[in-house]
Amino acid sequence: MTSPQLLRRAVFYVPASSPRMVQKSLTYETDNVTYDLEDSVVDGKKSEARRALAQHLGSLRREGRSHPREIAVRTNPLTTPHGMQDILKITKLPSVDAILLPKVDHAETVQAVAEVIASCDGERRLVWEAGRQQQQHENPDDNCNYYYRPLTLMALIESARAVEYLGDICRAGAGSISKNGDVRPGTLSGIVFGAEDLARDLSAERTPSLAEFMYARSRMVTAARAHGVPGVVDLVCTQLDRQPTTPNSGAGVTTTTTTKTSKLEDECENGRSMGFNGKQVIHPSQLETVHRVFGVPREAAAWAVRVVPDAK
């Protein structure tokens, strides 16, 4: 099955426990912002972070051209007391486009969350419609195209068991194609690679080449393509910026400064060549590189500019 197109070049994590960073996140022109209720929030603050994030997201009004293009929330795993509480709170907020669920090891986990999403869709639509009518009442001349976005699910693949059952996981949330060719999108809009937890689960030694993850990453891309899951998001890079290097210089020799290709860019190129169409981002300084590498190559864009007018 051919995967539908999805522009999610970056999954940009923002700690839900930081009001300053949550507010600032809306100023970045990025495909995705994912508010994190899991790793960045200590256990004693999780309920407070959930309430504050829900209040923030409940106050947002989304127009078709707003940034970020997609708002997601990384919940706590279903195996924790906070997981289902996070999901039940988030599913009713129409400003949220996707849930990023950690520790997805089985197809049953995807099915369970998909059922919750479906059961809350009616209430979510009512909240969206009330907000749309209020906005039109307050700004009758506003011609923005408001539209309802069904909530989708992204699954974090971060264990040996998850890699083993990738086909079942993708199949459980994938879309379908009817006899007349209509595409019915599935609940699962992406799978995301959790490298650190997988390395611990495998007792694997981390290397710069990422060779220890070759099998798991290949399995992810293959399973997603086979079952029509549009988003396949690669691992986090911990390098935050490009590192300049200055060659040795002596008397009478002009010193020039060059910049090596960054580790981040190398990882992006490697992931794109394997079939990933996005990467997780932990700092705003990474966004430009990630968007550029996973975007349309300049040569392809130039070719399209030449070809499209000729086709008219």
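The backbone N, Cα and C atoms fix where each Cβ goes, glycine too.
Annotated in TrEMBL:
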type    : residues       : note
DOMAIN  : 9-243          : domain 'HpcH/HpaI aldolase/citrate lyase'
BINDING : ARG74, GLU158  : substrate binding site
BINDING : GLU158, ASP197 : Mg(2+) binding site
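For GLU158 (substrate binding site), the same-chain residues that are 6 or more apart in sequence and have a Cβ closer than 8 Å to its Cβ are PRO102, LYS103, PHE193, GLY194, ALA195, GLU196, ASP197, LEU198, ASP201. Look at GLU158 (substrate binding site): DSSP puts it in coil. When Cβ atoms from all protein chains are considered, those within 10 Å of ARG74 (substrate binding site) total 25, not counting its own.
Regional average pLDDT for the domain 'HpcH/HpaI aldolase/citrate lyase' (9-243) in the model is 89.
In the three-state DSSP scheme, ASP197 (Mg(2+) binding site) falls into the helix class. All protein chains shown were included, and the count of other CB atoms within 10 Å of the CB of ASP197 (Mg(2+) binding site) stands at 16.
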